[in-house]
Amino acid sequence: MKTWVIKIGTSILRGTEETSTEEVIENLSRSFTSFLSKGNKLILVTSGAVGLGCQKLNIKTRPNDLSTLQATAAVGQVNLMSLYDKVFNRLGLNIAQILITKADFNSRESFNNASKTLKRLIDLNVIPIVNENDTVANEELKYGDNDTLSALVALAINANKLILLTDIENLYSKDPRNNKDAQPIKEVHNSELKEIKDKNIQNSNNEWGTGGISTKLISAEIATKGGVEVQLVDGTNKKNLIEIFNDNKIGTLFYPVEKPIGNKKSWLSHAIQTVGKITLDDGASFAIKKKGASLLAVGVKNVEGNFTINQAVKIVNTNDKEVAKGLVSISSDKLRSILNNKENNNSSIIVVHRDVLALS
């Protein structure tokens, strides 16, 4: 049995002058009926609420102010789920709406609860349709058009594959719309991905979405580090949808690492929000990166922010480059007290245990 997550971008769902949003959803749903009939499982991560809300309210360009964005998302979400329900019901498919914000993944308990709910839904042969809760989330509208969320969902349910449907055929060496010499990139191994991502080799400047190719590369990095294969595919081509579910190699394939970091450390690395920062000396940085050691107080040079036990912090080296994230074993006040020599014989105290420390 396979479990796949499919992220459908705004640029796909808005359709064209010839194809309505309902027809787009119809084409997609018909393409995976055979996949589901074999006992496989599917979760959709959908964008499009803001875009559809703007259509409904006759707003011609994507709003810039938060209140209008949230208002159009509220209107569009109703329309979006109505279309999904209408189309999927015709095919005898049951769906469920799941609205998520960053805060829902911020604690281990809530992350696990979301994971259990999603897994139970697919066990019941229900297709969960996940979207960010744009109506109440402010930071969420800058999250990357659901790209990052789709990777976290894939990790939460231990998916085999994450498919990113977009409006380009595959990843390119340059933006093909502005560079005639742009070369398609068909395969990317995890060891190559960070360099490609950091170069930000291409951006898709689509006003209706909040993400471009850069957010999809971030999503691919998150998923592949957690052991999930990622496929970037042009979802505007109906033939591609059929090819995907025949498991054919189209678009760009991002291969997962051979030794995934695991569900818990994936959560630490990508889902949790940090509340402070700890700067390490060179020795401590080497020890946690190369030896898998816990972070001890003796290796700490500086502390920023206020945090209590079990809150998440960013861990950086002397050049302020992120080394890891982790959950602290002591408070910021206690750690500052140790650094200021107000307490003796505490330099070997564990600040972040290696079991709750995830390398960046």
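Backbone N, Cα and C atoms are what each Cβ position is placed from, and that goes for glycine too.
Per Swiss-Prot, the feature ATP binding site maps to Lys7, Thr166, Asp167, Thr210, Gly211, Gly212, Ile213, Ser214, Thr215, Lys216. In the three-state DSSP reading, Asp167 (ATP binding site) counts as coil.
Taking all protein chains in view, 27 other C-beta atoms sit within 10 angstroms of the C-beta of Asp134 (substrate binding site). What Swiss-Prot records for Ser47, Asp134, Asn146 is substrate binding site.
In terms of DSSP helix, strand and coil, the domain 'PUA' (275-356) has 20 helix, 32 strand, 30 coil. Residues or ranges marked as domain 'PUA' in Swiss-Prot: 275-356.
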- Task: Could you work out which of the binding-site residues (Ser47, Asn146, Thr215) has its C-beta surrounded by the smallest number of other C-beta atoms within 10 A?
- Result: Thr215
- Message: Can you work out the mean pLDDT of the predicted model over the domain 'PUA' (275-356)?
- Response: 92
- Message: Measuring Cα to Cα, how many Å separate Thr215 (ATP binding site) from Asn146 (substrate binding site)?
- Response: 9
- With every protein chain in view, how many other Cβ atoms are within 10 Å of the Cβ of Ile213 (ATP binding site)? 23
- Can you give the largest Cα to Cα distance in Å, as a whole number, for the residues Ser47, Asp134, Asn146 that bind substrate in the record? 10
- Message: Just to be sure I understand the packing, how many Cβ atoms besides its own are within 10 Å of the Cβ of Asp167 (ATP binding site)?
- Response: 16
